[in-house]
């Protein structure tokens, strides 16, 4: 990658991250279908199959955020390759906190920007700007909350394509 491309990417993501404020409107979502609505098996799937590297990263972050809310890490694990030790490093604390009767009080991560750096039929590398929302962790039942503020980070997500879909194979922090 040329220095010009790296500089442009860094500037783009830095601008995206600096534009994040607490004044941004909350996203709105379509209402949940009624219980009487018929759903297809694909719609009932808890983890959508990612169609592109960008979709895979978005799905992974969404699945991790869901795990923070309910302790169920199966969605994020299904989007991680079996060899992704850095994925496990990010999932293990969630399992430990919920296993001890604790919980997280945060919406989790938000993707501020992402860019594919390289992509082949079997591998992709993306640079991702992440905003970690402020919140608190109650590490175990009856424990006092541990408060933390919002943070911005740059990360590299390496993906591999297998089984007809993209899986996160490595997450490394650039900042």
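Note that Cβ sites are derived from N, Cα and C of the backbone, with glycine treated the same way.
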For which of the residue intervals 23-54, 55-86 does TrEMBL record region 'Disordered'?
23-54
Across the domain 'DUF6318' (55-168), what does the pLDDT come to on average, as a whole number?
97
